Amino acid sequence: MLFAIGLLIAHLSALPTSLAVINLTADMLDQEILDSLLGPDAKYDQRVSPMPNRNEPVIVTVDLYILALSSVDVIRMSFDADFVVRQRWLDRRLNFEKARDHGNHYIAGTPALAQSIWRSDLFFVNARDAAWHEVTRPNTLIRIFPNGTVQLNQRVKASFSCQMQLSAYPFDTQNCQIELGSFGYTNTELVFLWKPDAPFTINTAIKLPQFKLRDYIRTEIYQTAHYTGKFSYLRAYIKFDRDYEYHVTQSLMPCVFLVICSWVSFWLDSEATPARVALGVTTLLAIYTQSAAVRFSLPPVSYLKAIDIWFLICVVFIFGSLIEFALVNYFTRRSLKNPAKHMKQPSRASAEIDAERTADGDVKTHLTRRLTTVKKRFKKVIDEDRKKAKTIDVVSRVLFPVSFLVCILVFWCVYYVNNDDQ
């Protein structure tokens, strides 16, 4: 037993010593190369760009990998992205092919190594704010290959501005972009190019609460002229499709139910004024409250949005039901006022009868004849007014639902179908 324990202790004590010797040998070789390239005697100046000659700019290839997307803010017109930006360029001053027998080996350095060599002055054009990740240490990866190629990977979290077009909201699709370029080097000194294969990739596991990432990625290379010269820029597009299910259930469908509730007054009695007025006013106030809640979550823009058109259609139909009741009430009240209008005629008839009493003794017969004429005229007017009021209600029971259905179909085709085809 003691012999076995002694062997185990001897093995454990010998293992790290052998590993340390191997690591030390490898580290010393890389250290010697770096000292020869970046040491005091190497005369490497990181302030000078590695231009092959003064007639050709430094070519920096770039690719982005989006790790996470969040906070697609419609009010602030921005979105947040957590991503890795990879840069690759050739610096012949860092060539160490003679020091390596196998050309594929590279030297992996720390962030301190990245600070000691020349780097491009890349900046994000449409970033409102940005920061490098530094937990648990700066998220920077640098590799120097034997031929002098430098690869620099850095993790960034930034908030980008996005000029959103909300005319089709909530069936809208937003084309946002990430722009990057050189801040100080002109296109005669430095040129950015997208990596030929997979220049812009997105983590497929990303899920957003209100948007879906459409499988549509486009990149551009362009130059912008400023007072100090022309500069090289890159642009990548991200397409966000809004999930409209939430807005359909929370905004559009409640409005449909409110409009249908306003039609209940068409089946109420034409003389039930308090009930019909209360129903129309209540639905009108309810839909106004609903539209105010939606407007509160959107920025004030100078054009109409699809949701504004929807609320306008619903308000028009609810207000139309109030106008319909006003017409019905007008004919109903006019029919009720007719008795007072026609009952004055018997008094005038009595005065005429008193004047004719001496000439005609049959007063009762004459009065009965006049009253019968008034009643027939009164009944005819009442029947016509009540028939008009009833006809308006009957026609509205069909006209309002059919018209509203047509408006829904037109609205759906204009905004949803057209946006889905884009």
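Every residue gets a Cβ built from N, Cα and C, even glycine.
In TrEMBL, annotation is done automatically, which means it is predicted and not curated.
Annotated in TrEMBL:
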- 1-20: signal peptide (SIGNAL)
- 31-229: domain 'Neurotransmitter-gated ion-channel ligand-binding' (DOMAIN)
- 251-268: transmembrane segment (TRANSMEM)
- 252-346: domain 'Neurotransmitter-gated ion-channel transmembrane' (DOMAIN)
- 277-297: transmembrane segment (TRANSMEM)
- 309-331: transmembrane segment (TRANSMEM)
- 394-417: transmembrane segment (TRANSMEM)
Helix-strand-coil residue split for the domain 'Neurotransmitter-gated ion-channel transmembrane' (252-346), DSSP-based: 80 helix, 0 strand, 15 coil
Close approaches to the transmembrane segment (309-331) from elsewhere in its chain (Cβ under 8 angstroms; 6 or more beyond its ends): 251-252, 255-256, 258-259, 262-263, 265-266, 270, 273, 276-277, 280-281, 283-284, 287-288, 290-291, 294, 385-386, 388-389, 392-393, 396, 400, 403-404, 407, 411, 415
For the transmembrane segment (251-268), sequence-distant contacts whose Cβ falls under 8 Å of one of its Cβ atoms, 6 or more beyond its ends: 170, 275-276, 279-280, 283-284, 286-287, 290, 294, 307, 310-311, 314, 317-318, 321-322, 324-325, 393, 396-397, 400-401, 404, 408
Beyond the flanks of the transmembrane segment (394-417) by 6 or more, those residues with Cβ under 8 Å of it: 168, 171, 244, 256, 259, 263, 266-267, 306, 309-310, 313, 317, 320-321, 324
